[in-house]
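What follows is one structure encoded as structure tokens, with my remarks underneath.
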Amino acid sequence: MEEIPVKVAVRIRPLLCKEVLHNHQVCVRVIPNSQQVIIGRDRVFTFDFVFGKNSTQDEVYNTCIKPLVLSLIEGYNATVFAYGQIGSGKTYTIGGGHIASVVAGQKGIILRAIQEIFQSISEHPNIDFNVKVSYIEVYKEDLRDLLELETSMKDLHIRKDEKGNTVCACC
Ligand SMILES: Nc1ncnc2c1ncn2[C@@H]1O[C@H](COP(=O)(O)OP(=O)(O)OP(=O)(O)O)[C@@H](O)[C@H]1O
């Protein structure tokens, strides 16, 4: 069977303290030993990966992300993005926090991927690697460069360059 290049993982976050205090109820459950969740009483949805409320950052990274990072070293392209409503846990999972302020077990995908990439590079001394980083916030129709304070308020646009590469350019 042909392998589908896009995989979808769903992660359920635990209730926050304030939600427990307000007596909010969990409305989604993982069906044990399956990649399915039930919303409400009987609405079942199937995903490529399902992570319950007790899942760890380690588990998410090792299951879904590590294979992609390792394939980068082999020359493949990979994209990971988090999608979900406000407060659903995108930032927690992607982990944009400062490396010094996050305890080891809670490090998210970005920090783990960076460590893995440089670890792999150090294990391949005979290959020349070129690492570039950009950090762009997309909010509604607006883009903001989070690494470039001077241009952060300028007009950024995504377009193709003459070689067909997708670039983020400042106008
Ligand atoms: N898996 C998790 N385990 C424990 N706490 C979590 C988990 N996921 C999210 N949280 C907590 O839930 C809250 C909301 O998460 P987060 O800020 O990551 O959501 P978000 O989707 O990025 O929200 P926004 O769209 O507003 O940026 C935070 O306090 C975060 O620490």
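The backbone N, Cα and C atoms fix where each Cβ goes, glycine too.
TrEMBL labels come from automatic prediction, so no person has curated them.
Within the same chain, no residue at least six positions away from I86 (ATP binding site) has a Cβ under 8 Å of its Cβ. Residues annotated as ATP binding site in TrEMBL: G84, Q85, I86, G87, S88, G89, K90, T91.
Among the features that TrEMBL reports, domain 'Kinesin motor' is placed at 5-171.
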*asked:* With every protein chain in view, what's the tally of Cβ atoms within 10 Å of the Cβ of K90 (ATP binding site), excluding that atom itself?
replied: 18
*Among the binding-site residues G84, G87, G89, point out the residue whose Cβ has the most other Cβ atoms within 10 Å, with all shown protein chains included in the count.*
G89
_Beyond the listed site residues G84, Q85, I86, G87, S88, G89, K90, T91, identify every same-chain residue whose Cβ lies within 8 Å of the center of their Cβ atoms for the ATP site._
R13, A82
*asked:* Averaging the per-residue pLDDT over the domain 'Kinesin motor' (5-171), what integer do you get?
replied: 89
